[in-house]
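S.K.: The structure that follows is given in the form of structure tokens.
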Amino acid sequence: MEEAHFEEMKKKHREHPKVNVPGSKDQLKEVWEETDGLDPNDFNPKTFFKLHDANEDGVLDEQELEALFTKELEKVYDPKNEEDDMVEMEEERLRMREHVMKNVDTNQDRLVTLEEFLKSTESKDFNNPPDGWQTVEETQIYTEQELRRFEQELVAQEAALNQKAEELRKEHEVLQQRKIELDAQKKEFQQAVIQMEQQKSQQAAAQAVGPNGELKFQAQVQEVAAAEKANPEAQQGSEIHPAPPGEAPHPGDKAVETPQETHVQNQQ
């Protein structure tokens, strides 16, 4: 039922008066008569141009051209009719505008000058246009051959995209495997570093233990070695001659060490 209703609406939409070719003499004379209210027998292209140059800048721009097609569009589209699509009407307006631009705007600057407009009125298509204008629903945009070629291109593009996707998938798998290998190598390297640190710690601990199992500190060992090197006579031991009471020791005499000083030196 919906399909039947849709076909009926399409049929009703096609039942409209003849649409003049945009930019033709018949189309402009219709605007001259019905919109401008002038006698069609007095049609003058130069006067028509000046009437519809709304901002008087000497050219017809896109909006001024589109305004010329309102009467033709009203033959096909009526907002009160269910079968008429107003969005399609605006699409039709743009088609008409582009048709005029293509045939009249010779320098393609999207503006129609008076000179371009008057020159177009001298052409054959202006005075003897094709029999009516085919609206968008009456025009076959693509031929069957063009549609088949387009479908073949889509199939080829889809195949190329699928092949590229497969190549990317394989590259992704290779990269994932490489990442796993690098993570394993990184883990092995970290373990090796930890083992080396442990070995260094064990060696340092072994050097800090004396021959009788007592703990010794590296700083103390270095200080003792330096002292022995600076004063080798201390290893042999020397007599200490105390000075007589009240007398200062001679410069050549060795200093008298008290038991407290001897104890402190031994501790050092």
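We count from 1, first residue shown onward.
Cβ coordinates come from backbone N, Cα and C, glycine included.
Pasting the feature list from TrEMBL:
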{"type": "COILED", "residues": "147-202", "note": "coiled coil"}
{"type": "COMPBIAS", "residues": "1-10", "note": "compositional bias 'Basic and acidic residues'"}
{"type": "COMPBIAS", "residues": "259-268", "note": "compositional bias 'Polar residues'"}
{"type": "DOMAIN", "residues": "40-75", "note": "domain 'EF-hand'"}
{"type": "REGION", "residues": "1-26", "note": "region 'Disordered'"}
{"type": "REGION", "residues": "221-268", "note": "region 'Disordered'"}
S.K.: Cβ under 8 Å, sequence separation of at least 6 from the ends of the domain 'EF-hand' (40-75): give me the contacting residues as numbers and ranges.
M.R.: 16-20, 22, 25, 27-34, 89, 92-94, 96-97, 100-101, 110-114, 117-118, 121, 133
S.K.: Where DSSP helix means H, G or I and strand means E or B, what are the helix, strand and coil counts for the domain 'EF-hand' (40-75)?
M.R.: 23 helix, 2 strand, 11 coil
